[in-house]
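Novice: The annotation signal peptide is assigned in TrEMBL to 1-19. Residues or ranges marked as domain 'CN hydrolase' in TrEMBL: 28-304. As annotated by TrEMBL, active site, proton acceptor applies to Glu77. For Lys176, the entry in TrEMBL reads active site, proton donor. Feature annotation from TrEMBL assigns active site, nucleophile to Cys209.
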Amino acid sequence: MISFCFLLFISLSAIQSHGLDKFTAAVYEHAVILPENSITPVTADEALVLMNRNIDILEKAIKSAASQGAHIIVTPEDGIYGWIFTRETMYPFLENIPHPEVNWIPCSDPERFGRAPVQTRLSCIAKLNSIYVVANIGDKKPCNISTVGCPEDGHFYYNTAVVFDSDGRLVARYHKYNLFSFEGQFNVPPEPEMVTFETPFGKFGIFICFDILFYKPAAALVVDHQVDTILYPTGWLNILPHFTAIEIHSAWAMGMGINLLAANLHNTSMRMTGSGIYTPETPGPYYYNMDTEHGHLILSELSAHPRNSSTFFTPNWSLYANSIGQYSPGHNVFRGHLFSDEFTFTELTEPQGNYTLCQKNLCCHLTYTGMEKIIDEVYVLGVFDGLHTEEAKCYMQICTLLKYQITDLETCGLPVETASTKFNYFSLSGNFSSSFVFPEVLLSKINLAAGMFQVNIYICIAKFFF
């Protein structure tokens, strides 16, 4: 299953390198312990008991990562208390999180900004293990209920990522801007926050989960703030064929030309799994497992400044597609839906072929040879150019080669996890409207294709070899 997913972004530019050339990163996929009843209010002490149970598990992972030389570790969104709260039941889980400019080490001065046992414990874990710790907790900020926009309970609640450095100092605080559909307990900050901080091993930016699909803050951190690495706590629900965590997150790192440290929750009943350490050149180590309910730690050594690599380049994704003539769309062109988006499809019926398929302003070109098709499998080239409206509105252009669930073409869009048909070679390209294209490659049994494809610097065509 090979797909190229596009969002409307703008150009990247190079950065200057300083400090360490390499560092060791860790991410932990956490099977969060959930509240027994998230619709019945509990006391602050009862909330802290649950949060400490989760932090106990996270602390073991952090200690393990530090003992293996990790400089920084990312833990998931909602990894300390879970999800699905009302505003009333959320309140006891929240703390006042100050702006990092106050220069605060909670481990050394825990009462400076009021009761903050979670921040204090995270700070101490970072300090005692000499490691940067990235976590996701809830921030509360009081407001005057007579002020326009202030909630009736007199507080703003924010889904918040925090970073403590190896001395336990709070160095970053980010309030999530693009909330998912079931985050009604939280408020949206007035503007997207561009949160960055410097380390001896590069410049870091941070955002949370659903933010990745939008220009601000995700792409803007790369374009306008020149970060080297993104820290990415997430609670990602996997949706085939184009929105599984390991697939879209590894593609984002490649398309944006930076490192992405993605830590997902692990909950198979919610289709939550898929964490990884992704770079512009290769997906790196990743974890996807629907057969266990346990967490998993990943470590990898990374370049601190990936865009300073001699092999790094910013491709012109549409150059090749705009230079070739159009092929035939094939004899069996039809429409079908993927994740509520209406695609135009054409079936691949021959062992080799050249196809061009268009929708609105987007034309996708496919060349392939040596297709050893299994008799009960059907493959199609698909194109979508339009506004995606499921869960959120964002404009997308997609060229995709994918397998149907069964040979009945009316089943297009149903999840497919396995495939047996083989291709000797194929290439896929499109005349995208932006220079930002995210090359997703997902193989049978939800595996990434590390080392199995390339993007040519001159013609910007992805080539796949099997």
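Glycine too: its Cβ is placed from the backbone N, Cα and C atoms.
Where the annotation comes from TrEMBL, it is an automatic prediction and has not been curated.
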Novice: For the domain 'CN hydrolase' (28-304), what is the mean per-residue pLDDT, to the nearest integer?
Specialist: 97
Novice: Please report the distance from the Cα of Cys209 (active site, nucleophile) to the Cα of Glu77 (active site, proton acceptor), rounded to the nearest angstrom.
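Specialist: Distance between the two Cα atoms comes out at 7 Å.
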Novice: If I take the alpha carbons of the residue listed as 'active site, proton acceptor' and the residue listed as 'active site, proton donor', what is the distance between them in whole Å?
Specialist: 10
Novice: Might you list, by sequence position, any residue in that chain lying six or more from Lys176 (active site, proton donor) with a Cβ less than 8 Å away from its Cβ?
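Specialist: Spatial neighbours, sequence-distant, of Lys176 (active site, proton donor): Tyr158, Asn159, Thr160, Ala161, Glu183, Phe186, Phe207, Ile208, Cys209, Phe210, Asp211.
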